[in-house]
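Colleague: Found this in TrEMBL, in case it helps:
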type	residues	note
BINDING	B:Gly180, B:Asp181, B:Arg182, B:Gly183, B:Thr184, B:Gly185, B:Lys186, B:Thr187	ATP binding site
DOMAIN	B:25-103	domain 'ATPase F1/V1/A1 complex alpha/beta subunit N-terminal'
DOMAIN	B:160-379	domain 'ATPase F1/V1/A1 complex alpha/beta subunit nucleotide-binding'
DOMAIN	B:386-511	domain 'ATP synthase alpha subunit C-terminal'
SITE	B:Ser377	site 'Required for activity'
Amino acid sequence: MEHQYAQALWRIVEKGKTPKDAVANLRRVLERHGRMRLLSKIGRAFARIAARESDKRAVVLSVAHAKDEAGAKRAAKEALRAMDSSALEAEVRLDSTLIGGWRLEGRERLVDASFKKYLLSLYNRATQ
Amino acid sequence: MNNLVVEKIIREIETFAPAAESEHVGAVTAVGDGVVAIDGLSKAVMSEIILFEEGKGASLARSMEAQGELYGVILNLEEDGVRAAILGDTARVSEGMTVKSTGRVLSVPSGEELLGRVVNALGEPLDGKGPFKKTTLMPVERQASGVIDRRSVSEPVQTGIKAIDAMIPIGRGQRELIIGDRGTGKTTIAIDTIISQRNEPKERRPICIYVAIGQKESKTARIVEQLRKERALEYTIVVNAPASAPAALQYLAPFSGAAIGEYFMDKGKDVVVVYDDLSKQAVAYRQLSLLLRRPPGREAYPGDIFYLHSRLLERAACLSKEKGGGSLTALPIIETQDGDVSGYIPTNVISITDGQIFLVSELFNKGIRPAIDVGISVSRVGSAAQKKAMKAVAGGLKLELAQFRELEAFMQFAQDLDKATAERIASGQRMVEVLKQKNGAPIAMELQVAILYAAGQKFFADVPAAKVTAVEAQLAGFFDGQYSKTLTEIKKSGQLSDELKKTLDIAMNEFKLAHKEFFIVNS
């Protein structure tokens, strides 16, 4: 139940209603239905939705070494544009398991230009 | 590392061109009991294959050690994500794992290479004979052939079982349900049907597909061994989704079997697919549906349980000449509880199929095997496909047996029976004996015709009922050895002409004279 309320709250805020008004409306509805005890649970569910949505919007650019960052940002420029993002917005993370190259993930998209991916596909093709 | 692999690697490195293709992805938000909830993948389609990315954050060495790729299939498209069934080990999936969309709907490999092989519901080999080299991908879910593409059933599937071929004939392209309690010989009938196909000429021999759903691995292994011993595996494909397999694979296995069969059907060949059994598939589908939070209906089955079986069995077809003239015969098996055919799943499948062979524990325990209840077993379209010779000898058989069953019940209360009734009972008893058959011993159509002709001519009237089976076996051997030309003639013409009848009469008299010891008493 709390999940549905939290989702409705999220949608209302997304549509432009101020959080203050939205919460006030929610309180009124809950009071009318005698469900005030749900409020704290709705709060927690809302936080989960917010975290998930924030993760969805995040764009992470992973590189194997710090020195590769600039090159990766240049190489990933096109891919970032396709994601409606820019190099400035992307969070850069170090992932040594990539060996080399870069990997861009976010907004339901994945562009993997890492050496690891290439070597793995090479291994799979050679051993098949 | 052998030279071939080294060469391959060198070639690949020389042609290296890093491709940065964009893929559509989502993330696992919840996982349990073979079902995952995925956030993202907003452009996914139903039945699409998804790939779980296990190697994220793992070293190259560890990724190389992974046990093959892990796939899933999308079963629910929801407002804020999708739900999918994992086609493998659930323990390999973790929360937050990236899931890639493949853009492919679920399909299985099919082709001549699969003949004689044992594969899983995804078409991957399970028999250790190595991967397939040249196969064609067939969609697991496919629209059944339309009205225009079909023609009426006209050719029989010879099961090699006298009782079935004579009274409940099955045509190529038909859907005939085999139904009964556990341990009544349902699988035996299906396997005998597969074995019986070796009597067919190679060019007209149907490809057989045995789909084991929720069965014990030991049982499937025994069946594969039996097929191998009987030289039936060479034209058979076994699709195995054992009881230990995830529910998703058990649910998909019959569809995979149908897809593999359709490849051959599209090439103009005849195919027989055995689904053993659909009750277990229904249970697997119920489990999946409940985990996918679809609303439960009667007996907690989801609302589309009828559609699950109807869309599968509708894929059985006898295609028109323009479409190649191939056929796909479906032999679904349903297990009943305590002989109750009015259960939810049995009635569904009965209404979908073109007839049913009903097996009864009571007959089985009496030693009447195959334990077919002739009264409620029926084939709605098969008689059109029955050979004329068989029609000629099997005409009144069903009625005679049904009358005998009624009299048999009446016999228990009556002390003195009039002569006509006593004769009818005696004749019925002998007919029941004639129709008994050992498992794994299918009989060719022409020999069945000869035996049933003999039975129809009251040949066994003077044989004590208890000895009929033995005499019948001797007679079959006699026909086979001494009158093989006559049998070949029946097989070739498919008819029982007056001339052939006369020859059979002569043969019967010869046998009688040679084996007087069998024909002594009127029991």
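Note that Cβ sites are derived from N, Cα and C of the backbone, with glycine treated the same way.
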Colleague: Which secondary structure state does DSSP assign to B:Arg182 (ATP binding site), in the simple three-class scheme?
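Modeller: It is coil.
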Colleague: Looking only at B:Thr184, B:Thr187, B:Ser377, which of these recorded positions has the biggest number of Cβ atoms within 10 Å around its Cβ?
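Modeller: Of the recorded positions B:Thr184, B:Thr187, B:Ser377, the highest Cβ count within 10 Å belongs to B:Thr184.
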Colleague: Please report how many Å separate the Cα atom of B:Arg182 (ATP binding site) from that of B:Ser377 (site 'Required for activity'), as a whole number.
Modeller: 17
Colleague: Would you list, in sequence order, the residues of this chain other than B:Gly180, B:Asp181, B:Arg182, B:Gly183, B:Thr184, B:Gly185, B:Lys186, B:Thr187 that have their CB within 8 A of the centroid of the site's CB atoms, where the site is the one recorded for ATP?
Modeller: B:Glu335, B:Leu359, B:Ser361, B:Phe364
Colleague: Counting Cβ neighbours within 10 Å across all chains shown, tell me which of the binding-site residues B:Gly180, B:Gly183, B:Gly185 comes out on top.
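Modeller: When each Cβ's neighbours within 10 Å are tallied, B:Gly180 leads.
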Colleague: Could you tell me the mean pLDDT over the domain 'ATPase F1/V1/A1 complex alpha/beta subunit N-terminal' (B:25-103), as a whole number?
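Modeller: A mean pLDDT of 89 is what the predicted model shows over the domain 'ATPase F1/V1/A1 complex alpha/beta subunit N-terminal' (B:25-103).
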Colleague: Fewest other C-beta atoms within 10 angstroms of its own C-beta: which of the binding-site residues B:Arg182, B:Lys186 fits that?
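Modeller: Across B:Arg182, B:Lys186, these binding-site residues, the one with fewest Cβ atoms within 10 Å is B:Arg182.
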Colleague: Measuring CA to CA, name the entry from the binding-site residues B:Gly180, B:Thr184, B:Gly185, B:Lys186 that ends up nearest B:Ser377 (site 'Required for activity').
Modeller: B:Gly180
Colleague: Which residues in the same chain, at least 6 apart in sequence, have a Cβ under 8 Å from the Cβ of B:Asp181 (ATP binding site)?
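Modeller: Once residues fewer than 6 apart are set aside, B:Asp181 (ATP binding site) is near B:Glu335, B:Thr336, B:Gln337, B:Asp338, B:Gly339, B:Leu359, B:Val360, B:Ser361.
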Colleague: Under DSSP, is B:Ser377 (site 'Required for activity') helix, strand or coil?
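Modeller: Assignment for B:Ser377 (site 'Required for activity') reads coil.
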Colleague: Sort the residues of the domain 'ATP synthase alpha subunit C-terminal' (B:386-511) into helix, strand and coil with DSSP and give the three counts.
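Modeller: DSSP classes over the domain 'ATP synthase alpha subunit C-terminal' (B:386-511) add up to 93 helix, 0 strand, 33 coil.
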